C-alpha cells in the first residue's frame with residue numbers, strides 16, 4: 001500500500017491534471033545555468049503576422065517552444081495596458097469557432113493560443129507589452145507609484161482574462177538613470193501583482209516575468225542590471241540588429257564575437273553583451289540569448305566590412321529578408337569563422353545579406369550552454385522555415401528539448417465564459 005505521502009502526491013497530481021494547474025517554476029541549476037525544467041526556447045509571435053504573412057497561431061511548432069511571446073500590447077501614459085488590435089487578439093473567428101455561442105466569449109489569437117496550450121502543456125504564453133513602436137509611453141507610465149500600479153493591475157487583468165502564463169515588458173529603451181530606476185519599480189509592481197493574483201486564484205503557480213533587453217552598450221549601460229536580475233525570471237537579450245541602413249559598412253547582423261581583423265564587420269558582438277550583463281549582476285541562468293529569423297541586406301558592396309550603397313527591398317520592409325527565403329538564388333553562403341556569423345553574397349548584384357543559419361544556431365546553443373545561460377529566444381515566428389532547417393526546431397533539438405515546466409489552464413476569474421470553462 002502506498003505511503004500517505006505518496007498518496008498525497010498522487011492526489012495533487014490528479015488535481016493539477018484535472019484543473020489545469022501546474023507545478024511552480026523551478027529554481028535555476030547553478031551548475032548548468034538552466035532551470036530544472038530545462039532550457040528556454042522562446043519565440044515572439046506577432047499579431048500583425050496573421051494578415052499579409054498569413055501566419056496563424058496554429059502554425060507555431062508548439063512542441064518545440066517553451067514560451068510564446070505574444071506581441072504587442074500598447075500602453076497609455078497613465079499606465080493602462082490595452083490591446084492595439086482587438087480583432088486579431090480577441091475577435092477574429094477561426095474556422096472552428098462558432099458564431100452562435102452563448103455568453104461573453106474570447107476568440108482571435110488568444111483562443112487559438114489557449115488551445116495550443118491545452119495540447120502542449122509545456123508551452124507557456126507571455127503577454128508582451130510595448131515594442132519599438134509602442135514604447136513611447138513607458139517613461140510616463142513608470143514615473144509614479146499610481147501609474148506603475150495602474151500598469152501592473154491592467155496588465156495582470158488582461159493576462160488572466162486571456163489565459164496567459166506571464167508578462168514580458170519590451171521597453172525600448174530607458175533613456176537615463178531615472179528611467180532605469182523607474183523601470184525596476186515598474187517591474188516590481190508587476191511582480192507583486194502577479195504574486196497577489198496567484199495567491200488568490202492559482203496557488204502554487206509562478207507567473208513569469210521577463211523583459212526584452214538591448215545588446216548595445218549605449219543602451220544596456222543605463223540599466224540597473226543587478227536589480228533587474230533580482231526581479232525578473234528571464235532577460236531576453238536582443239542579440240541582433242547589430243547592423244543596418246545606419247551602418248557605415250556592411251556588417252554582421254548577429255555575430256557571436258568581434259573580428260579584430262575586420263572590425264568594420266563587427267561593430268557589436270553578442271559575447272561582450274553577455275559578459276557585461278553577467279558582470280552587472282544578472283545571473284547567467286536568467287539570460288536568454290535572442291537570435292534573428294531574418295537577414296539584413298546591403299547593396300553595392302564588395303564584401304563584409306566594406307562600404308555599401310542602400311539596403312534594397314525586403315520581404316516586408318526594406319533591407320530585411322525572412323530567413324525562409326534565404327539564401328537568394330545565385331548567392332554564395334560564406335562563414336566568418338572569427339566573428340562566428342554567416343552571410344550570403346552575390347558577385348553579380350553585389351548584394352550581401354547577413355543572417356543566421358541552422359549551423360550558427362547550433363553554435364550559439366553550444367555557446368549559451370557553455371556560458372550557463374537560460375536558453376534561446378527568436379524574433380519572430382513567421383519568418384522561419386518548416387522542417388529540418390527550422391531555426392526554432394534546430395535550437396530545440398540542440399537544447400535537448402524545451403523547458404518542461406507546465407503551463408496553467410485554470411483561470412476562474414477570467415471575464416470570458418469560454419476561458420473559465422477551459423474551452424470545453
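The backbone N, Cα and C atoms fix where each Cβ goes, and this holds for glycine too.
Of the listed candidates (173, 197, 335, 342), Swiss-Prot assigns 173 to the same chitin site as 103, 104, 130, 131, 132, 133, 238, 239, 240, 241, 379. Swiss-Prot marks one residue of 74, 264 with the annotation N-linked glycosylation site, and that residue is 74. Long-range neighbours of the compositional bias 'Polar residues' (392-408) within the same chain, counting only residues 6 or more positions beyond its ends whose Cβ lies under 8 Å from a Cβ of the stretch, are 16, 20-23, 25-26, 34-35, 37-41, 43, 61, 64-67, 117, 121-125, 163, 165, 202, 205, 207, 291, 293, 358, 361-362, 364-366, 369, 375-376, 378, 381, 384. In this view, residue 132 (chitin binding site) is surrounded by 12 other Cβ atoms within 10 Å of its Cβ, with every protein chain counted. In the three-state DSSP reading, residue 74 (N-linked glycosylation site) counts as strand.
On its own chain, residue 239 (chitin binding site) has 215, 254, 270, 273, 274, 289, 290, 291 as residues at least 6 apart in sequence with a Cβ closer than 8 Å to its own Cβ. Secondary structure of the compositional bias 'Polar residues' (392-408), assigned with DSSP and counted as helix (H, G, I), strand (E, B) and coil, comes to 8 helix, 1 strand, 8 coil.
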